[in-house]
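To start, the structure under review is shown below, and the notes come after it.
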Amino acid sequence: MRGSGRASSAITIVNAFATGKGAAIGIELWTEARVRVTGDGEVRGKIVVKGEEFKDYRLVNSVISVLREVTGEPFGVRFEIHSDIPVGKGLKSSSAAANSLTKALVEALRLNIDDLSIVKLGVEAAKRAGVTITGAFDDACASYFGGLCITDNYEMEILVKREINPETVVLLIPRETVLTESLKGVDFSKISPFIGEALRLAISGEWKKALVINGLLYSTFLGYDLAPMREALKLGAFVGLCGKGPAFFAIADEPEEIIEAWSSFGDVIATSLR
(Lines of atoms letter the chains of each structure in order from A and count residues from 1; the text may use other names and numbers.)
(Lines give C-alpha, C1' and ligand atoms only; values in the text may rest on other atoms or scores of the structure.)
Protein backbone atom coordinates (compact mmCIF):
# COMPACT_ATOMS: atom_id res chain seq x y z
CA MET A 1 0.00 0.00 0.00
CA ARG A 2 1.35 3.38 -1.03
CA GLY A 3 0.74 6.95 0.08
CA SER A 4 2.05 10.46 -0.36
CA GLY A 5 1.90 13.68 1.60
CA ARG A 6 2.94 17.28 1.18
CA ALA A 7 3.37 20.14 3.66
CA SER A 8 5.01 23.53 3.59
CA SER A 9 7.40 25.76 5.46
CA ALA A 10 6.02 28.65 7.51
CA ILE A 11 7.11 31.95 9.01
CA THR A 12 6.67 32.94 12.63
CA ILE A 13 4.30 35.73 13.55
CA VAL A 14 4.47 35.08 17.31
CA ASN A 15 6.83 32.51 18.80
CA ALA A 16 5.17 30.33 21.46
CA PHE A 17 8.31 29.84 23.60
CA ALA A 18 7.35 32.61 26.04
CA THR A 19 3.61 32.05 26.47
CA GLY A 20 2.70 28.66 25.01
CA LYS A 21 0.56 30.42 22.41
CA GLY A 22 1.89 31.16 18.94
CA ALA A 23 1.08 32.24 15.41
CA ALA A 24 2.51 31.30 12.02
CA ILE A 25 1.75 31.65 8.30
CA GLY A 26 2.45 29.04 5.63
CA ILE A 27 4.84 29.85 2.78
CA GLU A 28 5.62 28.29 -0.59
CA LEU A 29 8.57 26.04 0.31
CA TRP A 30 7.64 22.36 0.42
CA THR A 31 8.42 18.93 1.79
CA GLU A 32 7.03 15.83 0.07
CA ALA A 33 6.91 12.29 1.44
CA ARG A 34 6.20 9.05 -0.41
CA VAL A 35 5.79 5.76 1.41
CA ARG A 36 5.08 2.10 0.83
CA VAL A 37 3.78 0.09 3.77
CA THR A 38 5.06 -3.50 4.03
CA GLY A 39 4.48 -6.47 6.28
CA ASP A 40 8.13 -7.13 7.14
CA GLY A 41 8.43 -4.63 10.02
CA GLU A 42 11.54 -3.01 8.53
CA VAL A 43 12.01 0.73 8.05
CA ARG A 44 14.22 1.84 5.17
CA GLY A 45 14.46 4.99 3.12
CA LYS A 46 16.15 8.31 2.57
CA ILE A 47 15.71 11.99 3.28
CA VAL A 48 16.97 14.54 0.76
CA VAL A 49 17.09 18.21 1.76
CA LYS A 50 17.91 20.73 -0.97
CA GLY A 51 19.61 18.00 -2.99
CA GLU A 52 21.73 16.58 -0.14
CA GLU A 53 21.06 13.45 1.90
CA PHE A 54 20.00 14.11 5.50
CA LYS A 55 20.69 11.29 7.96
CA ASP A 56 18.82 12.24 11.12
CA TYR A 57 15.96 9.74 11.22
CA ARG A 58 14.62 10.49 14.72
CA LEU A 59 11.48 12.20 13.46
CA VAL A 60 10.78 9.52 10.84
CA ASN A 61 11.06 6.81 13.48
CA SER A 62 8.80 8.75 15.86
CA VAL A 63 6.09 9.24 13.22
CA ILE A 64 6.16 5.54 12.38
CA SER A 65 6.04 4.63 16.09
CA VAL A 66 2.99 6.85 16.64
CA LEU A 67 1.15 5.33 13.65
CA ARG A 68 2.03 1.81 14.79
CA GLU A 69 0.36 2.61 18.10
CA VAL A 70 -2.72 3.91 16.28
CA THR A 71 -3.04 0.77 14.16
CA GLY A 72 -1.70 -1.77 16.62
CA GLU A 73 0.35 -3.23 13.77
CA PRO A 74 4.19 -3.44 13.55
CA PHE A 75 4.15 -2.59 9.83
CA GLY A 76 7.26 -1.87 7.82
CA VAL A 77 7.86 1.25 5.73
CA ARG A 78 9.87 2.20 2.68
CA PHE A 79 10.03 5.98 2.50
CA GLU A 80 11.42 8.88 0.52
CA ILE A 81 11.28 12.45 1.77
CA HIS A 82 12.35 15.37 -0.42
CA SER A 83 12.46 18.89 1.00
CA ASP A 84 13.25 22.41 -0.18
CA ILE A 85 13.21 23.69 3.41
CA PRO A 86 16.60 24.38 5.05
CA VAL A 87 17.07 22.52 8.36
CA GLY A 88 17.93 24.27 11.61
CA LYS A 89 17.03 27.77 10.41
CA GLY A 90 13.63 28.26 12.08
CA LEU A 91 11.66 27.55 8.91
CA LYS A 92 9.53 24.70 10.32
CA SER A 93 11.36 21.90 8.55
CA SER A 94 10.40 19.46 11.32
CA SER A 95 6.71 20.40 11.18
CA ALA A 96 6.66 19.98 7.40
CA ALA A 97 8.42 16.61 7.61
CA ALA A 98 6.11 15.33 10.36
CA ASN A 99 3.00 16.52 8.52
CA SER A 100 3.97 15.14 5.12
CA LEU A 101 5.09 11.75 6.45
CA THR A 102 2.08 11.35 8.74
CA LYS A 103 -0.27 12.24 5.90
CA ALA A 104 1.47 9.76 3.57
CA LEU A 105 1.25 6.94 6.12
CA VAL A 106 -2.41 7.65 6.92
CA GLU A 107 -3.16 7.43 3.19
CA ALA A 108 -1.14 4.24 2.74
CA LEU A 109 -2.74 2.58 5.75
CA ARG A 110 -6.22 3.62 4.58
CA LEU A 111 -6.98 5.17 7.97
CA ASN A 112 -10.10 7.31 8.39
CA ILE A 113 -8.43 10.24 10.17
CA ASP A 114 -9.32 13.90 9.65
CA ASP A 115 -6.77 16.59 8.81
CA LEU A 116 -6.56 18.16 12.27
CA SER A 117 -5.97 14.74 13.84
CA ILE A 118 -3.18 14.11 11.32
CA VAL A 119 -1.55 17.36 12.45
CA LYS A 120 -1.87 16.37 16.11
CA LEU A 121 -0.29 12.95 15.43
CA GLY A 122 2.63 14.72 13.76
CA VAL A 123 3.01 17.06 16.74
CA GLU A 124 3.08 14.07 19.10
CA ALA A 125 5.80 12.50 16.96
CA ALA A 126 7.82 15.73 16.98
CA LYS A 127 7.60 15.88 20.79
CA ARG A 128 8.83 12.31 21.11
CA ALA A 129 11.69 13.02 18.70
CA GLY A 130 12.76 16.00 20.81
CA VAL A 131 12.66 18.46 17.91
CA THR A 132 10.16 20.85 19.52
CA ILE A 133 9.86 22.67 22.84
CA THR A 134 6.17 23.67 22.95
CA GLY A 135 4.88 21.08 20.49
CA ALA A 136 4.90 23.70 17.72
CA PHE A 137 1.19 23.20 17.05
CA ASP A 138 1.04 26.69 15.50
CA ASP A 139 3.84 25.84 13.07
CA ALA A 140 2.28 22.46 12.28
CA CYS A 141 -1.12 24.00 11.50
CA ALA A 142 0.37 26.71 9.27
CA SER A 143 2.51 24.09 7.53
CA TYR A 144 -0.46 21.80 6.89
CA PHE A 145 -3.36 24.19 6.25
CA GLY A 146 -1.61 27.38 5.11
CA GLY A 147 -2.89 30.83 6.02
CA LEU A 148 -2.54 32.45 9.44
CA CYS A 149 -2.89 29.98 12.31
CA ILE A 150 -2.93 31.19 15.92
CA THR A 151 -2.96 28.40 18.47
CA ASP A 152 -2.65 27.37 22.09
CA ASN A 153 0.19 24.90 21.77
CA TYR A 154 -0.23 23.23 25.14
CA GLU A 155 -3.97 22.65 24.68
CA MET A 156 -3.48 21.95 20.93
CA GLU A 157 -6.36 24.28 20.15
CA ILE A 158 -6.71 26.55 17.10
CA LEU A 159 -7.68 30.05 18.29
CA VAL A 160 -7.72 31.80 14.90
CA LYS A 161 -7.45 30.46 11.35
CA ARG A 162 -7.50 33.03 8.57
CA GLU A 163 -6.72 33.11 4.86
CA ILE A 164 -3.83 35.36 3.80
CA ASN A 165 -3.10 37.16 0.54
CA PRO A 166 -0.15 35.51 -1.26
CA GLU A 167 2.29 38.39 -0.78
CA THR A 168 5.98 38.00 -1.57
CA VAL A 169 8.15 37.14 1.43
CA VAL A 170 11.95 37.39 1.38
CA LEU A 171 13.94 34.94 3.52
CA LEU A 172 17.47 35.51 4.79
CA ILE A 173 19.20 32.20 5.50
CA PRO A 174 22.42 32.73 7.51
CA ARG A 175 25.10 30.08 7.33
CA GLU A 176 24.87 29.03 10.97
CA THR A 177 22.36 26.44 12.19
CA VAL A 178 20.43 26.49 15.47
CA LEU A 179 18.59 23.32 16.50
CA THR A 180 15.51 23.73 18.68
CA GLU A 181 16.72 21.20 21.24
CA SER A 182 19.67 23.50 22.03
CA LEU A 183 17.21 25.98 23.62
CA LYS A 184 15.68 23.55 26.10
CA GLY A 185 15.88 25.00 29.60
CA VAL A 186 16.05 28.62 28.42
CA ASP A 187 13.72 30.80 30.52
CA PHE A 188 11.66 33.06 28.25
CA SER A 189 9.32 34.24 31.03
CA LYS A 190 10.89 37.71 31.27
CA ILE A 191 9.67 38.61 27.78
CA SER A 192 6.28 36.91 28.06
CA PRO A 193 4.32 40.13 28.87
CA PHE A 194 5.57 41.75 25.67
CA ILE A 195 5.03 38.63 23.57
CA GLY A 196 1.51 38.50 24.98
CA GLU A 197 0.92 41.97 23.52
CA ALA A 198 2.20 40.78 20.13
CA LEU A 199 -0.21 37.84 20.31
CA ARG A 200 -3.12 40.19 20.99
CA LEU A 201 -2.16 42.24 17.94
CA ALA A 202 -2.08 39.10 15.79
CA ILE A 203 -5.48 37.95 17.04
CA SER A 204 -6.96 41.40 16.28
CA GLY A 205 -5.72 41.16 12.68
CA GLU A 206 -2.59 43.30 12.97
CA TRP A 207 -0.27 40.36 12.41
CA LYS A 208 2.34 42.41 10.53
CA LYS A 209 2.89 44.62 13.57
CA ALA A 210 2.98 41.51 15.73
CA LEU A 211 5.72 39.83 13.70
CA VAL A 212 7.98 42.89 14.00
CA ILE A 213 7.57 43.09 17.79
CA ASN A 214 8.09 39.34 18.12
CA GLY A 215 11.17 39.43 15.89
CA LEU A 216 12.83 42.31 17.72
CA LEU A 217 12.18 40.76 21.13
CA TYR A 218 13.37 37.24 20.38
CA SER A 219 16.33 38.39 18.25
CA THR A 220 17.53 40.63 21.09
CA PHE A 221 16.88 38.00 23.76
CA LEU A 222 18.72 35.27 21.84
CA GLY A 223 21.63 37.55 20.95
CA TYR A 224 21.29 37.69 17.18
CA ASP A 225 22.90 40.43 15.11
CA LEU A 226 20.12 42.94 14.48
CA ALA A 227 21.75 44.40 11.36
CA PRO A 228 19.48 42.50 8.92
CA MET A 229 16.38 43.68 10.77
CA ARG A 230 17.69 47.24 10.89
CA GLU A 231 18.35 47.30 7.13
CA ALA A 232 14.89 45.94 6.35
CA LEU A 233 13.18 48.39 8.71
CA LYS A 234 14.99 51.28 7.01
CA LEU A 235 13.40 50.13 3.75
CA GLY A 236 9.92 50.16 5.27
CA ALA A 237 9.55 46.39 5.51
CA PHE A 238 7.79 44.28 8.08
CA VAL A 239 10.64 42.08 9.28
CA GLY A 240 10.65 39.16 11.69
CA LEU A 241 12.64 36.23 13.05
CA CYS A 242 11.80 32.73 11.78
CA GLY A 243 11.12 30.61 14.85
CA LYS A 244 14.19 30.44 17.07
CA GLY A 245 16.30 31.70 14.15
CA PRO A 246 18.75 32.28 12.75
CA ALA A 247 16.72 32.99 9.57
CA PHE A 248 14.90 36.30 9.14
CA PHE A 249 12.04 37.18 6.81
CA ALA A 250 10.65 40.41 5.41
CA ILE A 251 7.44 41.49 3.69
CA ALA A 252 7.82 44.70 1.69
CA ASP A 253 6.25 46.66 -1.16
CA GLU A 254 9.60 46.47 -2.99
CA PRO A 255 11.01 43.00 -2.21
CA GLU A 256 13.88 43.53 -4.67
CA GLU A 257 15.29 46.19 -2.32
CA ILE A 258 15.30 43.70 0.56
CA ILE A 259 16.99 41.05 -1.59
CA GLU A 260 19.76 43.49 -2.46
CA ALA A 261 20.17 44.77 1.11
CA TRP A 262 20.37 41.26 2.55
CA SER A 263 22.66 39.69 -0.04
CA SER A 264 25.78 40.29 2.08
CA PHE A 265 24.30 38.58 5.17
CA GLY A 266 23.71 35.10 3.71
CA ASP A 267 21.57 33.24 1.21
CA VAL A 268 18.38 35.02 0.17
CA ILE A 269 15.21 33.28 -1.06
CA ALA A 270 12.08 34.99 -2.39
CA THR A 271 8.83 33.05 -2.15
CA SER A 272 5.24 33.86 -1.18
CA LEU A 273 2.76 33.49 1.63
CA ARG A 274 0.09 30.85 1.10
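Residue 1 is the first one shown; counting continues down the chain.
A Cβ is built for glycine as well, from the same backbone N, Cα and C atoms used for every other residue.
Less than 8 angstroms from the CB of GLY88 (ATP binding site) sit THR177, VAL178, LEU179, each of them six or more residues away in the same chain. According to its DSSP assignment, GLY88 (ATP binding site) is coil. Per Swiss-Prot, ATP binding site is recorded for PRO86, VAL87, GLY88, LYS89, GLY90, LEU91, LYS92, SER93, SER94, SER95, ALA96, and the stated evidence type is sequence analysis.
For the ATP site, the Cβ centre of PRO86, VAL87, GLY88, LYS89, GLY90, LEU91, LYS92, SER93, SER94, SER95, ALA96 serves as reference, and the other residues of the chain with Cβ at most 8 Å from it are SER9, ILE85, GLY243. For the binding-site residues PRO86, GLY90, the ranking by surrounding Cβ atoms (within 10 Å, all protein chains) places GLY90 first.
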